[in-house]
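Here is the structure we will look at.
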Amino acid sequence: MWSSLSEWFWQDRFWLPPNNTWAVLEDRDGLVFAHPRDLLAALPLALALVVMRFTFERFVGLPLSRLLGVRDQARKPVKPNATLEKYFLTKGWKPKEPQMALLAAQCGLTLQQTQRWFRRRRNQDRPCLTKKFCEASWRFSFYACTFFGGLSILYHESWLWMPEMCWDNYPLQPLKPALYYWYLLELSFYISLLMTLPFDVRRKDFKEQVAHHFVTIILISFSYSSNLLRIGSLVLLLHDASDYLLEAGKMFNYTPWRKVCDTLFIVFSLVFFYTRLVLFPTRILYTTYYDSIAQWDTFFGYYFCNTLLMALQLLHVFWSCLILRMIYSFVKKGRMEKDVRSDVEESDSSDGEVAQEHLLLKNGAAHRPGAAPADGPRSRLVGRVANGHTATT
């Protein structure tokens, strides 16, 4: 049964253009071609990358975070409460106000105390800045190496400058060793990202990230098996061109180096929009849709590959919308605030708690940012309290 399934799966008409068979891709006369079985080496290499990642974060990322001034926010401890803890773990992080009031009555707490408990408990499970920095530093190091390494591999290749050359004499295109190792490293990295997703910082676009990794792994595997390495290498290079800038911006976003972060964000945005929204559709998608069938008829692999590439483009549009939101915030406030995909810690004054708890009164003035105007009714009331004109309770 397994033999029959494998024979059906590897039919020539699925993977290769019409009138071509796997026999034409057999190694001969000193020429080496891509073979699907070569990809099995990606599995142990992915495990090795996982080990390398945790080693890098421990001995490189962590000291680097301290050197650049990354400081984790102080978190107030949560008082043990079995009732609230059970609800938190089984029913949700953010109870609605009626349920919150019920929980407060059960525990003998005020509504504000119960709200504060849930905020501190949520903060307790949020990853610290150091962890975020270490993850970003690992991805930055990898993407920077693969981008500049891939650029050096493709710099002298004709298809880098003229994508239509990706189809020259296809599928009889010999495999170059440097291209094979680069391709294998990229595939292993994305497999390792899927393996470590449960341990990584969970962001708001988690589902889109998983979809992106799956599409990328399938595209790399399919393009290698079908000897579509030329067009596949261009897709990888375009993605790495902005990815390492994104991770560099994240790293400095967790440090006091605000101007560096803002500059990297601007550069990343320009590179992202140009590579993902201009070059990718006009050079990559165009050549795979039109130039690829100039010499032969369509086949299953043509539709399959273009469908996955279009799915990538839709993800590019989704992330472009997030970046535009960040640009709007940047223009409005004059600085980068945060990654809109990230969850942020909550302060103890959230959910409409009484602001007067945090007012420090001295000579009738409120010493805190954003204090009420001096001529407002609230300010006059505070002034009377501070000067003893209103009885205290």
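Heads up, the Cβ atoms here are built off N, Cα and C, so glycines get one too.
Among the features that TrEMBL reports, transmembrane segment is placed at 39-56 (among others).
Taken from TrEMBL, the feature domain 'Homeobox' applies to 84-128.
The DNA-binding region annotation in TrEMBL covers 86-129.
What TrEMBL lists as domain 'TLC' is 131-332.
According to TrEMBL, the feature transmembrane segment maps to 140-160 (among others). With a cut-off of 8 Å between Cβ atoms, the residues of this chain six or more beyond the transmembrane segment (140-160) that come close are 56, 60, 166, 168, 178-179, 182, 185-186, 189, 230-231, 233-234, 236-237, 240-241, 243-244, 247-248, 250-251.
Sequence annotations record features per position, and here TrEMBL assigns transmembrane segment to 180-199 (among others).
Per TrEMBL, the feature transmembrane segment maps to 260-280 (among others). Taking Cβ pairs closer than 8 Å, the transmembrane segment (260-280) reaches residues 235, 238-239, 241-242, 245-246, 248-249, 252-253, 312-313, 316-317, 319-320, 323, 326-327, 330, 335-336 in its own chain, all 6 or more past its ends.
Taken from TrEMBL, the feature transmembrane segment covers 300-328 (among others). Remote same-chain partners of the transmembrane segment (300-328), defined as residues 6 or more beyond its termini with a Cβ less than 8 Å from a stretch Cβ, comprise 13-17, 205, 208, 211-212, 215-216, 218-219, 222-223, 226, 228, 235, 265, 269, 272-273, 276-277, 280-281, 284-285, 288-289, 292-293, 336, 339-341.
What TrEMBL records for 363-393 is region 'Disordered'.
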Secondary structure tally of the DNA-binding region (86-129) (DSSP, helix then strand then coil): 32 helix, 0 strand, 12 coil
